[in-house]
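Engineer: One structure follows; several queries about it will come next.
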Amino acid sequence: MIALFNAQQSKEIDRRIIDEGEPGLKLMKRAAWHLFATVQSHYPHAQKLLVLCGTGNNGGDGLACAQFALLAGLDVSVFLSNENMHGDALSCLNELKALNADIRPLNDLEVFSQELGKTDLLIDALFGIGLNRPLNQASVQLIETVNTSPCPVISADLPSGLDADSGKHFGCAIKAEHTCTFLTRKVGLYTHLGPDFCGQIHYFDLHANLPQHISPVAYSHELNEWQPLIPTLSADNHKGRMGHVLLVGGHRNMMGAIQLSASACLHSGAGLTKIISDTQHLIPLTQQQPELMCYPPEALSEQLRQSDLLALGPGLGLDDWSGQLYQTCSQNNLPKVFDADALKWLAKTPVFNPQQILTPHPGEAAVLLDSDSRRIQQDRVGAIKAIQKKYGGVVILKGKGSLIYDGNRLELCPLGNPGMAVGGMGDVLTGVVAALWARGMTPFEAACTAVYIHAAAADECFKETGAAGLIPSLLPPKIGRLIG
Ligand SMILES: NC(=O)C1=CN([C@@H]2O[C@H](COP(=O)(O)OP(=O)(O)OC[C@H]3O[C@@H](n4cnc5c(N)ncnc54)[C@H](O)[C@@H]3O)[C@@H](O)[C@H]2O)[C@@H](O)CC1
Ligand SMILES: Nc1ncnc2c1ncn2[C@@H]1O[C@H](COP(=O)(O)OP(=O)(O)O)[C@@H](O)[C@H]1O
Ligand SMILES: [K+]
């Protein structure tokens, strides 16, 4: 399990550690030592190092790293955005000056660019967690110069330009091959655009005693911490114990959506997987997957009485046919998983219900909050909390760094890959969530376990097929194996 913090908490932790007697300069030197050790282990042949330093303590990390590199015999050039430094960063600057280091002001982008062309590796120490406003034009141009150069980058604490809280950037951000992050793991490294900019993340606690009473924004676990929570099967197991799931959706032309959910639900171990769908789909659905029990819309009320859990939305549609099914389902008090079009129906007449799991992607989250997906992505943590507050239950906000929130705990799943951005991938997740909840897990555990297993199955598949070959129908058998 790892804990994820935002910038304000990270600053508070930093301050407390210093207040308790650990000098800031010592922490800075340790951070710099890890930066330099990362240079040595990942770029052992680098001879010429360029260190890009801002005016804050992030710049201080860079200056202290420059000192280690210089003492180790590397050819080091330091570019300073501004000489206006203070505190520990100023001490590091003075130490470096005493070594007659090559320190230059960043006042000519052309000179910087030429130097970068002769460099084996860049240390990015321009901005850390102190970045709190949009970058000015000069900083944007500087970062773009770095990003268009072939020179590899190690970022100190986080890629400069990235928002430690949300994973958005403040105009643009440095694209690093490695990011060495210190004291806390920042949530923005793991969600939204963060993973695109960070490269490989290395965490260093700087041998400090982290204060325990600051609760993190979110946690992240390993897949194998969720798997043991899946109920085990007794020798005299029978299908009545494994949950009866009713899936509702699959309007005309959208049979595939409900079919994918149903297949995932079956492979996740549900005792009975039943479908209410367009009448024309009933025979093909059964022919393709004989284990499924398929019913026409007229059988909905009867089947609601005979099921443990309802999953509503994949391929449901938004017309009268869909609306009638939605009305009947929403009035029923079975536990419910809402996905896809069901979320759009829910947004029309919001109801607070603790017995539900909502699975929006950012576009659907925007509908639920009457917002737009760009704003959702810029503050995914804020968005999932707002949805949960408005609608209740457990919410899964999908996308890179999928979040799961129950009003109390926030989990971030770091697994998954961009090949998952293909129609039908979310329908598969719905089936897994429904099956695990119906099998007796708590809704939060079912949601987390399903998200991790779904993403892990997609990562496994990606290794075999690549991104383009990763299609949702390949996932259910892999999901079955991961569930066991
Ligand atoms: N004890 C410590 O002091 C430690 C600090 N550490 C480093 O210190 C960093 C935090 O240091 P700071 O709080 O000084 O923050 P930063 O080094 O991120 O920089 C803040 C500076 O950048 C300026 N700034 C913010 N947004 C800007 C923008 N858009 N355009 C131009 N300038 C902007 C601020 O006015 C301020 O001067 C961490 O990220 C980490 O790298 C680590 O060395 C761990 C220990
Ligand atoms: N870039 C990505 N990285 C990780 N996971 C992703 C990425 N893009 C999509 N996903 C995952 O793929 C699934 C897509 O779901 P969704 O958008 O609802 O698809 P659909 O509605 O077509 O079934 C979600 O689980 C989401 O988290
Ligand atoms: K940085």
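Using the three backbone atoms N, Cα and C, a Cβ is placed for every residue, glycine included.
In case it helps, TrEMBL gives these features for our protein:
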DOMAIN    10-214  domain 'YjeF N-terminal'
BINDING   57-61, 128-134, D157, A257, G315, H361, D427  (6S)-NADPHX binding site
BINDING   N58, D124, S160  K(+) binding site
DOMAIN    222-484  domain 'YjeF C-terminal'
BINDING   K398, G399, K400, G401, S402, G426  AMP binding site
Engineer: When DSSP states are folded down to helix, strand and coil, where does S402 (AMP binding site) land?
Structural biologist: strand
Engineer: Checking proximity to ligand 3 here: which binding-site residues out of N58, I129, H361, G401 have their Cβ closer than 6 Å to it?
Structural biologist: N58
Engineer: Out of N58, K398, G399, which binding-site residues have CB atoms lying under 6 Å from ligand 2?
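Structural biologist: From N58, K398, G399, counting a Cβ under 6 Å from ligand 2 as near, the near ones are K398, G399.
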Engineer: Considering only the binding-site residues N57, G60, D124, D157, S160, which fall within 10 Å of G399 (AMP binding site) when distances are taken between Cα atoms?
Structural biologist: none
Engineer: Report the binding-site residues (N57, S160, H361, G399, G426) that meet this criterion: Cβ distance to the nearest atom of ligand 1 under 6 Å. Use sequence order and write none if nothing qualifies.
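Structural biologist: If the test is a Cβ under 6 Å from any atom of ligand 1, the answer is N57.
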Engineer: Quick check: which same-chain residues outside N58, D124, S160 lie with their CB within 8 A of the centre of the K(+) site CB atoms?
Structural biologist: L52, G54, G59, G62, A125, L126, F127, G128, S155, A156, D157, L158, P159, G161, I174
Engineer: Within the same chain, and leaving aside K398, G399, K400, G401, S402, G426, name every residue whose CB is within 8 angstroms of the centroid of the CB atoms belonging to the recorded AMP site, in sequence order.
Structural biologist: H361, P362, L397, L403, C413, G416
Engineer: Compute the C-alpha separation of G426 (AMP binding site) from H361 ((6S)-NADPHX binding site), stating it in Å without decimals.
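Structural biologist: It is 8 Å, counting Cα to Cα.
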Engineer: Over all pairs in K398, G399, K400, G401, S402, G426, the listed AMP binding residues, work out the largest Cα-Cα distance in Å.
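Structural biologist: Taking every pair among K398, G399, K400, G401, S402, G426, the longest Cα gap is 14 Å.
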Engineer: Between G60, G399, G401, which of the binding-site residues has the fewest other CB atoms within 10 angstroms in the structure shown?
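Structural biologist: Counting other Cβ atoms within 10 Å of each of the binding-site residues G60, G399, G401, the minimum falls on G399.
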